[in-house]
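**Q** Dropping a structure here in C-alpha cells format, bear with me for questions.
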Amino acid sequence: MELSYPEKLTLIKLAELKRAKVEELVKESGLEQVAVMRALLGLQAKGLAKLHERSERVVKLTETGMKYAQIGLPEWRALKVLREKGKATLDDLKDVLSEDELKPIVGLLRREGWANVRKEDGKLVLEITEKGREASERPIDKALKLLAERGEVPVKEIEKLVPVNELKRRKIGEEDVITERVAEITEKGEELVKKGLELKKEVSVLTPELIKSGKWREVEFRKFDIKAPVRRIYPGKKQPYRAFLDKIRRRLIEMGFIEMTVDSLIETQFWNFDALFQPQNHPAREWTDTYQLKYPKVGSLPDEELVARVKAAHEHGGDTGSRGWGYVWSPERAMLLMPRAHGTALDARQLAKGVEIPGKYFTIQRVFRPDVLDRTHLIEFNQIDGFVVGEDLNFRHLLGILKRFAVEIAGAKKVKFLPDYYPFTEPSVQMSAYHPELGWVEFGGAGIFREEMTKALGIDVPVIAWGIGIDRLAMFKLGIDDIRYLFSYDLRWLREARLVW
C-alpha cells in the first residue's frame, strides 16, 4: 500500500495516541494542520484511520463584549458614579459612558431598580436606590466573565446563566459553530504500523537546485494519483444563452446574411401591422395579443408616398390585382405606439429602405406579447427574423432554410411543417420540432410575402421570410426543458451548462 510521508508520520503518531484531536496530531507530528487533515482523509480512504467530526454551537465575545470585559458594563460604571454622589444628571455620566451607552442607561437602571428618575430644573436626574447600593454580580455579569476567561463557551452552558439573545441584543456576544475533529486508528492501521513504516521525506517539486546538484537521484519523489477526484474549477465564461445568440449571429453572417440594424424596441402600428398588410380590424392588434404604450401614445408615419401605397393596398389592393381588405384605412390608428410584437416589422423597414437583389437579411431582436408564463412561453422573448429576396425563389427554398435552422442550429432530430395562415404571407407554414421532454414544440412561422405587402414597399421580386422563437431553438441546443432557465440566475446551471458548437 502506497503511503505518502505525511500519511506515514500521521499514522505512526496516531498509533501512539490511539485517538487524538487534529490539533494534537499537528503538535506531535510537526506538520501543518492542512497536511495533517489531508493525510487523515487519505488514511481514512485507505481504511487505516477514522475521522470523526462533531459540530457545536458556541458563544464568543464581540468587540463590544471584549471592551466591557475590560472596563465593565455601562450600568456598573454609571452605578459607581451614583454610589459616590448619590444622584447624577446625564451630563455627570458622560465622563464614564459613551453617547451610545448613555441613551439606554436610564431605562436599564430603572428596570434593575437601581435608580429613581425625575426631572430637576428641566434636567433628568438619576438618584440611587437602596437596591442600587446593594447590587451585586448578576447572571449576565457571570456570563461576561466566563466568556472573557474561556473565549468560546457552548451555547447550552451560557443559556444556564443568561439567554444568548440577551447577549446578542446588547452586542456583547455572538454565536458561532465550531467543528471538533477527532482521529482514531483502525485495526488495519495498527497492523500496518506494527509491520514497520519507513519514514523517508518525499519531494513534491523538482527544483532547479535539485537538478544542478544531482540530488534528484537520491531523493524520493512523491507519487501523485492522477485519477484522484479534485475540486472542480469553474472558469469565467459567457452566459450560455448569450453565447448561443452570438454563435447564431456569426453562423448567419458566415452564410452570407446581412444583419439588420435596430434603433428602438418601440414601433408604430404602421410598421408592426399596416406595412405587413395586416388589416386594422385584425384581432391580433387588440390588447389581448399586443401591448400598447400609454405615453406617448402616437408616433410619426414615414414618407407620404410609402404611406399612400400601403393605404391603397389595404383599401383596394393597389396595383397588385388584389381587392385588398375593402375598408377605409386610418392613419391615426397606424400612428399608435407599441412595444414590437414580432421581428417581421424590421423586415418591412428594411424592404422599404432598400435591399440588394438577390440578398439575405436577418435580425435577432427582443419582442413583447401578453401570454401566460410557463415552460415554453415568455412575455418578453427573443426572435430571429429574416428574409431572402431574389428572382427565382419558391416555397421549397423556404422549407429547406427552415429545416437547416432546426437540424443544424437547434440540433433537432425530427421536424415537421404544417399549413398556417398569416395576413402577410401566402403560402404560409408553421414549423415544429420534437423535444424529448416537451414533445412537439412550435418554433415559428414562415411564408412568402404577399405582393400587397412587397409592392407597397417597392419590391417586385419574391421574398421568402420567417420569424422563429430563438429562445426555443436554444432550449434544444442547451438541453433544457424550461424556457425561463435561459434567463436564470441559478449559479449551478450557469456554471455547468454545456458550451454549444
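Glycine is no exception: its Cβ is also placed from the backbone N, Cα and C atoms.
Taken from Swiss-Prot, the feature L-phenylalanine binding site applies to Thr344, Gln383, Ile384, Asp385, Phe424, Phe449. Annotation comment: Swiss-Prot describes Glu426 as Mg(2+) binding site, evidence class similarity to another entry.
Each of the listed features needs to be described in terms of its position in the shown structure.
**A** Secondary structure at Gln383 (L-phenylalanine binding site), taken from DSSP and collapsed to helix, strand or coil, is strand. Neighbour count (other Cβ atoms within 10 Å of the Cβ, all protein chains): 24 for Gln383 (L-phenylalanine binding site).
For Glu426 (Mg(2+) binding site), the number of other Cβ atoms no farther than 10 Å from its own Cβ, over all displayed protein chains, is 15.
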**Q** Got a sec? Which of these binding-site residues, Phe424, Phe449, has the most Cβ atoms within 10 Å?
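**A** Compared across Phe424, Phe449, the most Cβ atoms within 10 Å surround Phe449.
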**Q** Could you check what DSSP calls Thr344 (L-phenylalanine binding site) once collapsed to helix, strand or coil?
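**A** The residue in question, Thr344 (L-phenylalanine binding site), is helix (DSSP, three-state).
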**Q** For Glu426 (Mg(2+) binding site), name the DSSP secondary structure in the helix/strand/coil scheme.
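**A** In three-state terms, Glu426 (Mg(2+) binding site) counts as strand.
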**Q** Going by Cα-Cα distance, pick out whichever of the binding-site residues Thr344, Gln383, Ile384 is nearest to Glu426 (Mg(2+) binding site).
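**A** If we rank Thr344, Gln383, Ile384 by Cα distance to Glu426 (Mg(2+) binding site), first place goes to Thr344.
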**Q** Is it possible to get the count of other C-beta atoms within 10 angstroms of the C-beta of Asp385 (L-phenylalanine binding site)?
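**A** Counting Cβ neighbours of Asp385 (L-phenylalanine binding site) within 10 Å gives 25.
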**Q** With an 8 Å cut-off on Cβ-Cβ distance and a minimum sequence separation of at least 6, pull the same-chain contacts of Thr344 (L-phenylalanine binding site), or say none.
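**A** Set apart from Thr344 (L-phenylalanine binding site) by at least 6 residues yet with Cβ under 8 Å, we have Leu276, Asp385, Phe424, Ala465, Gly467.
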